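What follows is a single structure, written as structure tokens, with notes after it.
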């Protein structure tokens, strides 16, 4: 039941962001799927390892792989799939908590949350970069096999 | 001969401008521009793309042209359309003048989802993410409502006033006010989760990741420009919510 709720809700939220970002209609399903897989991976890794940064890293890596797959399949730029896909992972909650702490006069908690937001953003970008690394490695391997 | 080269530079600049304004990555813009030039028999031409301006020069000429990049927002359908067109140009199924005309058409009349659908999208995005982040189910309908209203206000303010960053400030201010109203009347449980959910359609999370990607790819100028913009947008959302917290902070549950 938890899996079903997590999967479907992240699917629909990614697709809904796709509507706001005006992605082509035939990419809506694929980007929703990308976001759902990414979020489910984040959710279960976070429950298992209790490390937000690591789970974000793995989830972003998977999102990158899926968006490369879909971009090859549908012949569209990769950005169309990973931007809606990353939406559930964006650290909205901690950044809100940081603002709340600053506004209510508790800068220590605020800075702590702010650091957490930065760590999350950097781990997401790191995951995406790993995707490009993996892509280049696979391409090199294919070329090596051919020769 | 002169005419054709002028048209080529104009075409490249227009393609780059459309892509940059719709939120594409810097390397993709440079790549597309260079490809268009290459397919028009001008190899080794140079393009220099930043988030605020685009430069294009052909190796066979002494002139470089500049194009200013205006407002940046996310419209991925335009990126896709330009990409398809440059593919078609590479396959020689369209020639340069048609390419230019089609690019102009893309810039003006790319179909968007109707406003009502966008508002519904924002509303459901808010409500679903509120549940995903751990909020209570009782907040679902109020968050749906607040998220839609917030997005609508952002859209309207952006249409009617020519002030940057004001739209997100107003939207988040109203979001905070409505969330407080719902919690005070007992229709919803948690002020915080509702705010987090409803603010998500406005959050520049994508811009932050894009700017970090640009920086790590070596496009330092564009990365810093987009990062600064994202931070200011985030700050204007924060100030909107913080105003509510300052004024009514004592009443919060």
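All residue numbers here begin at 1 and follow the chain in the order shown.
Each residue, glycine too, has its Cβ placed from N, Cα and C.
Listed features, source TrEMBL:
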- A:6-23: transmembrane segment (TRANSMEM)
- A:6-133: domain 'Threonine/Serine exporter ThrE' (DOMAIN)
- A:28-45: transmembrane segment (TRANSMEM)
- A:51-70: transmembrane segment (TRANSMEM)
- A:77-94: transmembrane segment (TRANSMEM)
- A:114-138: transmembrane segment (TRANSMEM)
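Secondary structure of the domain 'Threonine/Serine exporter ThrE' (A:6-133) per DSSP (helix as H, G, I; strand as E, B; remaining residues coil): 113 helix, 0 strand, 15 coil. Stretch with the most C-beta contacts under 8 angstroms to the transmembrane segment (A:77-94), considering only A:6-23, A:28-45, A:51-70: A:28-45. In this model, the domain 'Threonine/Serine exporter ThrE' (A:6-133) carries an average pLDDT of 89.
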